[in-house]
Every structure is written in structure tokens, then in C-alpha cells.
Amino acid sequence: MECALLLACAFPAAGSGPPRGLAGLGRVAKALQLCCLCCASVAAALASDSSSGASGLNDDYVFVTPVEVDSAGSYISHDILHNGRKKRSAQNARSSLHYRFSAFGQELHLELKPSAILSSHFIVQVLGKDGASETQKPEVQQCFYQGFIRNDSSSSVAVSTCAGLSGLIRTRKNEFLISPLPQLLAQEHNYSSPAGHHPHVLYKRTAEEKIQRYRGYPGSGRNYPGYSPSHIPHASQSRETEYHHRRLQKQHFCGRRKKYAPKPPTEDTYLRFDEYGSSGRPRRSAGKSQKGLNVETLVVADKKMVEKHGKGNVTTYILTVMNMVSGLFKDGTIGSDINVVVVSLILLEQEPGGLLINHHADQSLNSFCQWQSALIGKNGKRHDHAILLTGFDICSWKNEPCDTLGFAPISGMCSKYRSCTINEDTGLGLAFTIAHESGHNFGMIHDGEGNPCRKAEGNIMSPTLTGNNGVFSWSSCSRQYLKKFLSTPQAGCLVDEPKQAGQYKYPDKLPGQIYDADTQCKWQFGAKAKLCSLGFVKDICKSLWCHRVGHRCETKFMPAAEGTVCGLSMWCRQGQCVKFGELGPRPIHGQWSAWSKWSECSRTCGGGVKFQERHCNNPKPQYGGLFCPGSSRIYQLCNINPCNENSLDFRAQQCAEYNSKPFRGWFYQWKPYTKVEEEDRCKLYCKAENFEFFFAMSGKVKDGTPCSPNKNDVCIDGVCELVGCDHELGSKAVSDACGVCKGDNSTCKFYKGLYLNQHKANEYYPVVLIPAGARSIEIQELQVSSSYLAVRSLSQKYYLTGGWSIDWPGEFPFAGTTFEYQRSFNRPERLYAPGPTNETLVFEILMQGKNPGIAWKYALPKVMNGTPPATKRPAYTWSIVQSECSVSCGGGYINVKAICLRDQNTQVNSSFCSAKTKPVTEPKICNAFSCPAYWMPGEWSTCSKACAGGQQSRKIQCVQKKPFQKEEAVLHSLCPVSTPTQVQACNSHACPPQWSLGPWSQCSKTCGRGVRKRELLCKGSAAETLPESQCTSLPRPELQEGCVLGRCPKNSRLQWVASSWSECSATCGLGVRKREMKCSEKGFQGKLITFPERRCRNIKKPNLDLEETCNRRACPAHPVYNMVAGWYSLPWQQCTVTCGGGVQTRSVHCVQQGRPSSSCLLHQKPPVLRACNTNFCPAPEKREDPSCVDFFNWCHLVPQHGVCNHKFYGKQCCKSCTRKI
């Protein structure tokens, strides 16, 4: 007990932290030495060698000697090395193991049971140096255990017994790693153990780097296979600098990306069509599985890691680490039953083709993910997750060592292409890195990054390797991310039981041959990305440049995969673009895929376009192969029924879309402009209404737009395509003169004539009257003339060139058809319309000279047997149409109404249909299901500061709308994991300058009334000193004030003392003399010291006369000549004021021989005025109006902005404005 107490004193209590400084370490060392000395006599009495528990030199690691015990804790043996060598029977494999040892002042009893970390069909494959594959059946399957510590319900243990104990031990308060004691570490501490004992080192994560220094390889022991003492000193020496350099820096799980590297795409990650393909049967939801979820894991160790540990030891080491990972995923804080099962281990003695591994974690992971996606096991069986373990010191953003430990795609689990991680080997702590990176694959984000969990809580998903008192667990945020992932179909691969993968079949093609550069760009930048085709991109074998949006290409500075085509008959090999050569692939000619389904019609009426398309990807042309012959699209007209007469022209609709978009800073109303060259008919030209300019708003109109009015031809992909009268694309079928498609004019009767009459100029003259129903109308002058053709109705309404106003050439719609008016300087005028017209028209000529002759012709349908040809009578029927649902969820309605159709395709007025047959319609209920719950944020609170950065908060509420009800609050768990921001910064602008007051000085008097002062500075928001002129708008605080520290004690030596009399005011005759009463004290030398009168205010003044008459001598009776005249002054009068500066006056007379005289010299006259009481008057006390207060915390800013006169601000900020005044 004495030893245990000493040991407890040597180690700080939980949570107290390590000893600070060298002195602290020294105290611990001394205490430990003392402990060992005290315990020497009782060590033999402890069954499990308790002295080993005190053999460490600090609180991060101790030496222990485990012993095997039975379930009751009774000693069995010190020999714990046989457990991994004996082949166990099935019965033994199911039995439990017990070990016991002392550490950190307590007895630990481990109760262990076999772990299910390995699949029943687990195999090890070795890829040899010549590319050969070797399959091994490991003999270590029965030495991996998991369990707990007796008397600690929250503990967990995951260890390997293959060569001593190696693994993870987690207690309620701490987390330890255990492994056999390295010989060098024992030698350094001059530690030895009795024969047959097998000492181990139990250490915290903080000591991991130090422990690894003393190993030939991580996980090796003192006398175990693979241990080579001759190699250890060299290894220790070579890693000494590395340890000290990396001990503080190597703390990040996922590294930090340099600022110039691009951010990941914001859109959804690109997924190939077979990314989550099932194996033939539908998969259940992982989130609803009643059994545990199995992560069938492939582990790959690279060449550096195999060399580092040795081929004979690396398997045991890796499986020990994976057993620890399994234990971490079984921790109760994860909230789900996750079983990590290793189905296969691949050891790389050299890198296979297409797999590049170096310091650059991002590039290495990209290469590994591509490589492992092509691995296929027995019967096409695939693993769920692939883990790459590397001996490289990796870095997330450069091909040099740095502080990265692992790298992984977010939410990649179960994906064929993204369920993969890279992890740097750091010893047994590697288990935490693997658990962290696999957590990312499960969709987990770092704690504290976009979620409410704190970064430094000691959780597995913290950004850095810092535990909470050494304990790592899963945070509530990680649980939520995992729960969300398991509820998606993507997680379906985890539901099935582990199956035999067998030996993997390695791909016979390089990754770049399987996935071209466009696909690699999609993986990196999203579904819209493709290989950049800009000229500056030179070598994709060094950096793959991709194009996503706009005229900008971007890169993640990762090379294209091995085997990617980089030029004509060239491909990427080892970062170089080289010619195919003899080993290069043979040309593959492209073949078309199957035709797609028909697309939606581009128009709902008036003749739209739909298409089918196919792709030249079955296979794609590669390595100089030919592209597929023929077209990738076929088009067909659709919805050719005419639109309503009142509907807007299709081209006009497209122009109108730009009405709400600013054009060069202004908004216009746009109309179609069609007076363009023939080759520009399929561009969208629009004219600004009421302005004389037009503009090409788009390089091509929408598919199905007519090339020209009243023509069948339509625009498709910016090209005018021929359409026959039979409404077939590419058809040359035309209508005859009477409008019969593919007709021969046999149903037409033609009329024609010539008008040659001459008339007087500047008058309209009729040429021909053409009846309604006419077709193929053509009016043309025979020669060029100065006259003009005109058209009017029978009611004198002019459609063309009326009122002596000449119209420009162009198209003029009237009378049910469109007339094309042609006029040029070298060709005769011409009018043409296909018809039919719906009214009788009068064609005239506005005569301007000689009439050269006007030819006219038109056609009318023939009359059969006295009646025109029978026309089909239109049929009018009711049809039901319905709108879209009014809402997407929460219960809405579909409006249903009946419309009248002519011939089942044209909507007409309802009066054409029979009211008796009109169907009854009523709204339909739709989308009557609850909407997804969402976060409804409240209003932001008032900012906590008026300037210099404050905070404001708001409440959020999880609400949900149920069918036909108002939104109501629901449980927060129903809303998305990510919540809207609840706290935000506000009023970040700098505060205006303010007066800054220093502390008051000491009072100038220790008793009685004194004065104290303080310093005043003008300071800005950053506490910098500014000129006082910038603070003049603010009230200037007082710099001096009176102070009284206490009343002075009475001085018994003070007394009123009368001064000596003054001289008599007259030199002869009657005069006056005065004396003063002064507050005085007689000093030690007998001299009087005068004080202010207030010091004697408590002493009664003696009742003495202070003024009396005097008479030096009598004035002579007769004038005495030759006596000099002098000035005589009377006493000063009382001051006019008591403070602030007043005036005193007195009388001065010139006297000679006792009589007034004028003989005195004026420049000698004494002053008759003088200043008095010049001291400052005390400021009057202001009586503040109790109703004059500030209602807002920003009121002090109102005087600074000079708005106190404003009615609102002056009233609401009365106090601040009063101070300003």
C-alpha cells in the first residue's frame, strides 16, 4: 500500500495534466525512484509482479508484466507467447482468455474473447516483384481478441496475442496502447526482468512516437520473430531527428490544403451508372437492418510498409491494428452495430501497373481508388471498403512529407470508385487514423466544422489527434452523420453477410484505359466537367486540367491516371506522355449505343420538334479508332395542331423572355425582328419597342420555330430545315395553287389579266378586284416605274400604301393571309400571297407617271356541278384538361375544366359545343402527404454592440406541414442534420473616436480640500491615439476636480493675530491708520506663519478695532512755501463681484500743504482702478430632467451625426442630445 500511494503521488491525478517543465519531470522521476526502493521488500509478494507497474519514467508510459490467469484471477503462467502459436480447436477458440497486470496504481484484469475481425475465407495475397501473385493461408486467425476490464463497465479491449499482447486498452478515464517492451527502451532505463517474464510497455497516445523510436518495426517485441537488435541502434538514430521534428507537428488527421488549390465542387459528386450496382437481389435499407452491419474490408499494404515491417511480421501487425479498428467501431458512442470484417490482405512487394503511391496523399488516393475499383473477387464478388496502408510520410497537397496522417472521400462507403482511404503507418496509433478516415467514408465531417460539436472534445472525428484525457470516442455529430448515411440506399452493401471473395482478379488494362480523361474530370469536379480543350494545357500526365463552366479551366494538380490518352497515339506512363509503342493498345473503332426514348416536344402547339439520340460509346473510339458513322440525333415534328388565334407568336414569346432582363443597364419591351438575311433566319433577332434598334439576343431560336411566317420550314439547332406540306422533315412536298398538298392544280380555276390604262399622276386607280377565297395571288408591274401598288378593302381601309404614304418592302399580314411586297431600284414591284383570303380586296396603283402595265393572276377552287367542292364539316367536342398540382406536398388541388375542341385538336369558344354534353368537373385532391420537416428560423435579435463587432442570435424551430393543415412544430430529429445559422456577427463597422480617460491622480492634499487630475486622450476603435480634433464633436470630460481625503485635525497653535498698524494716512492733521487680523501660527523659531483665514474659521476672532484716527502733527497755520505737493489715496472700495473678475476703485487727490493742489505730477498719480476676485466661478449644478433619457443603446451616435434637431432622434435620445448642448 505504501508503494501504491507513492506511485499515486508520482503521477498527477486524472485531468491535472503532465508536470510542467523539467522541474516537474524531475519530481516525478525522484518519486518513482523512491517508490521502487520502498517496494523492493514486498515485490515478491505480489502475484503479478507489481513492481513492473512502477517502471516507467513519466506519466505517459509504464513497464508492465502481464500474466495469464483464470476467470477467478488466479495465477496460471508468465508465459504468454504460446497463445499465438498453438492451433486452437473450435472449442478453445470460443473460450475466453484472462490476463492481469498492475499499472498506474491499479490492478487490471483483462477478460477477452475471440474477435470476428477476419472473414472465414480470409486470405493474404502477395504481389511479387515480377508481377506474380502468391496466395497465403495465414496461421494467425486465432490470436485476435476483444473484451473488457473487470470492474470497469465502460472499458473495452482489442488486442492480439500472436506475439505477446499488442493492441488497445480503453478505461473509463484513459486510453492506452500495449505492446512488448523494446529492448533499447529497457536498456535506456536500465530495466531487466526475471527469466520467463515477458515485460510490456503500456503507454498513452502522447508517448507513441517515443516508443516507436526504440523499435525495429512497430509492434515488434524483444525476443519475437523479426526482431533484430543489430538494426535497432541505426533505426533509433535515424529517427531521432524525425521524432523531435514531428512530435508537435504530426497531429492532423487530414492535413490542410494550400490556398491555391481548388475547392471541391459544390454540386453533387459524379456517380457512374454502376457505382452502387447490386449483385442481383434487392438490398434492404442498412438503417432498418435488425442484424449488425458488416463492412467487408480489403486492406492493401504498400511496398514501403512491407519493407518497413518485414514480410514475416507485417500481416500480424496489420491485423492487430485492424482488430483495434474493429473495437473502435464497436464503441457504444457510435450508436450503431458496425462490424469491420477483413476479407483479404494484399501485400505489395512492388507497385502494380496503374498504381502510383508517393508522398502526395491526394494523388496516391486517387490512383488507389481507381486501381481497387477494378479488382474483382471470386464469382464477381467485391469488397465494400478498401484501405491503403502506406509507409510514406504523406501530405494532402504536395509530394513531400508534411503533417497529414490520412485522406478519404466524404460519403464514399459502398461506392465502387470512392469507398477507399489512405492511411500513414504510425505504429499502433494507426488504428485511430483508419477509424477517422473510414468515418469520413461513412459521411462524417470533422467535429466543429459546420456542426455544433467542439473540435477539441477528444472525439475520433476531431480534426487533430487530441483525446479528452487520452480517451477517444464518437461525438453526437458523428452519430447523426452515420445515421443519415445508413438511411440511404447507398449503404445497402453493409446489410449482407460476409462472403468469400477468393483471390482477386487483377485488371489487364491500366486505369486510364478503363476510365478516360473526361470520366476522371467528372470524378474530381462534378458531372458537368470534362477534359479542358484550351490551347495552353500542355501535359495532362503531370496535371489533369478540366473544364466545368465558363471559359476557365481548373486543376487539382493531380496527373491523369496511368494509361490515359494524352495525344495522337500517345498515353501517360509514369507521369510522361509517350508514344504507344509495341506495348500500346490497338485502335478501337467506335460503335453507337441504342437510340434513346423520344424527348419532350419543344412546343405544345403550332409544330414543335422532338428527337432521339445515341452516343458513340459502345465502345468509344480509342487509340486512333474511327468515330461512329452517321448522325447522333434524329428529329421529328410533333404537336402540329395550330395554336389559338389569340396566342403569342412563338418567336415573339422568345423575345418577350428578355423583357425582364436588363440590356446594357436598361429594360426594354422586345418584339421579333425578321427583316434579316436568309442565313440569319434561325437567330433570335429582337427589336426594342418604340426604339429604332434591334439585336441578336440568341445565336439560335428554340427548336420548332418557323424559319419565316406562314412557311412550313422550321429551325432545328440553329439551322433552317425543310418541311413539306405533309409536315415531314426533309420532305419536298408542296401544295398546288389551291392549297392541296401534293396536288396537280386539277381542282383550281385560274384568273389572270393585264392592266394598261394611263391616268393622271398622284391619284389612286383600281387595277383588279379579287374575291374572298382566292389563292396564289400575284400582282406585278411589267417594268420598273415610279408608280406604287396599293391594296384596300371594299370599305376603303388601306392595307398597303394608303393615304399617299409609301410603305417599305416587307411582309404584310391582312385578309387572312400574308402578302410579300417586293420593291427594289432595278426590279418591278411585285405582290404575292398564298391565300386563301377571307375578304374581297381591291388592288390599286398610285400613279406617278406612265403606267408600264400591271399583270395579275389568282386561283379559285373549281365549282363541281354548280356547287363548290364539299368541305369536311368540323366536329366540336368537349375535352377535359387539368392543371398541375397547386403544391408539391401538404395537400393541394388540381383544377379540372372542360374545353371545346374543333376536330379534337384546336380549342375554340365553348359556344360551339353542346352545353348538354358538357362534362361535370370539380377540383381533385393531390399530393396529400406530409411535407419534409424543415428548419424555420425566427427573427434576428438586436445586435449586442452598436459597433466594433457584436453578435445577434435567433431561434430556429423544426416545423412540418401536414396535409391540409398549417405548419406545426415537430421533433428536431425529423429535420436535416445541418441547421441554419443561429448566431451571426453584426455591426462590424469600426466605432467612432471616443474620449479615453486615464486614472485620477492622488489628491494634492492629504487632508482638507485638494485637487486631483487625470489624462485625456482621443482614441479610435483600435485603441490608437488620434488628434483631439477628431473628438471635438463629443462632450469633453473634466480633467480636474476637487477632492477631500478627510478633515484636517485642529491645530491648537493657530490663533488670530493682529498685524502692526499702518502708517497714518495724513502727514499732518487728522488721518487714518489700519491693521489686519491674520490666521497665524507661531513657528519653532518664534516667527509667525500666516495661513488662509479659512484655517481659523473655527476660532473666534478677538474683538479689536482694525481702524483708528491718527494725527502726526498739526498742520502749520500759515502756508509754508516751497513745500512739495503730493498725491493722497483713500482705501480701496469693495470688489464689484465675488468671482469671475471684478473692479475695485479708490479716490486719489493732489494735496499740497493740506489743501487741494494741481501741482502734482500726473505720471506719478497712483491707480484709481484695479482688478479683483479673478478666480473662476464654480459651474452651476445642472438639474437633469428625469423624463429626459435615452431609449436606445446607439443614442451616443446621434449628436455625432448632427441629427439632434430631428423630431424622432431628438426625442428618443434626449439625454445624449442635452449633453451635446
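Here the Cβ of each residue, glycine as well, is placed from N, Cα and C on the backbone.
Copied over from Swiss-Prot, here are the features:
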CARBOHYD  ASN151  N-linked glycosylation site
CARBOHYD  ASN190  N-linked glycosylation site
DOMAIN    293-498  domain 'Peptidase M12B'
CARBOHYD  ASN313  N-linked glycosylation site
ACT_SITE  GLU437  active site
CARBOHYD  ASN745  N-linked glycosylation site
CARBOHYD  ASN838  N-linked glycosylation site
CARBOHYD  ASN909  N-linked glycosylation site
DOMAIN    1052-1116  domain 'TSP type-1 4'
DOMAIN    1184-1221  domain 'PLAC'
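Burial estimate for the glycosylation sites (ASN151, ASN313, ASN745, ASN909): highest at ASN313, by number of other CB atoms within 10 Å. In terms of DSSP helix, strand and coil, the domain 'TSP type-1 4' (1052-1116) has 4 helix, 25 strand, 36 coil.
The candidate set comprises the glycosylation sites ASN190, ASN838. Of these, ASN838 has the most other Cβ atoms within 10 Å. Between the residue listed as 'active site' and ASN151 (N-linked glycosylation site), the C-alpha separation comes to 32 Å. Each residue in the domain 'PLAC' (1184-1221) gets a DSSP state, and the totals come to 17 helix, 2 strand, 19 coil. The distance from the Cα of ASN190 (N-linked glycosylation site) to the Cα of ASN838 (N-linked glycosylation site) comes to 118 Å. Of all the glycosylation sites in the record (ASN151, ASN313, ASN909), the one with the smallest CA separation from ASN838 (N-linked glycosylation site) is ASN909.
ASN909 (N-linked glycosylation site) and ASN745 (N-linked glycosylation site) have their C-alpha atoms 35 Å apart, to the nearest angstrom.
GLU437 (active site): 24 other CB atoms within 10 A of its CB, across all protein chains. The two recorded residues, ASN313 (N-linked glycosylation site) and ASN151 (N-linked glycosylation site), show a Cα separation of 34 Å. Mapped onto three states, the DSSP output places the residue listed as 'active site' in helix. Between the CA atoms of ASN745 (N-linked glycosylation site) and ASN151 (N-linked glycosylation site) there is a gap of 108 Å. Mean predicted confidence for the domain 'TSP type-1 4' (1052-1116): the pLDDT average there is 83.
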